[in-house]
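K.L.:
Annotations for this protein, taken from Swiss-Prot, read as follows:
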- 1-23: signal peptide (SIGNAL)
- K41: site 'May interact with the LDL receptor' (SITE)
- 68-100: region 'Lipid-binding' (REGION)
- T94: O-linked glycosylation site (CARBOHYD)
Amino acid sequence: MQPRVLLVAALLVLLASARALEAEDPSLLDLMQGYMQHATKTAQDTLTSVQESQVAQRARDWMTDGFSSLKDYWSTFKGKFSGFWDSASEAQTTPASDAS
């Protein structure tokens, strides 16, 4: 009788350990799914950050180019009309000096 009792006890132990492993498998699966979701989110955040950085860089370049062009236009405008302004201011001061 003792061999049968030992056999039944061994089977019960194996059955209990199999159930314990089954209980651990879903939690291991949950851990892996959580890890994969975290890794996916991290990769997406990094990609978004890089894309936003590239967009921001393009915007900065566009603004710099725009201000540079505006400065060039202003310099050209000043260059063309500075002679006119200088001669106009001289013309205004000349009649006053002639009258005295």
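Using N, Cα and C of the backbone, Cβ positions are placed for all residues, glycine too.
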K.L.:
Restricting to the region 'Lipid-binding' (68-100), what is the model's mean pLDDT?
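P.N.:
Overall, the region 'Lipid-binding' (68-100) comes to a mean pLDDT of 73.
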K.L.:
Could you tally the C-beta atoms, other than its own, that fall within 10 angstroms of the C-beta of K41 (site 'May interact with the LDL receptor')?
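P.N.:
There are 10 of them.
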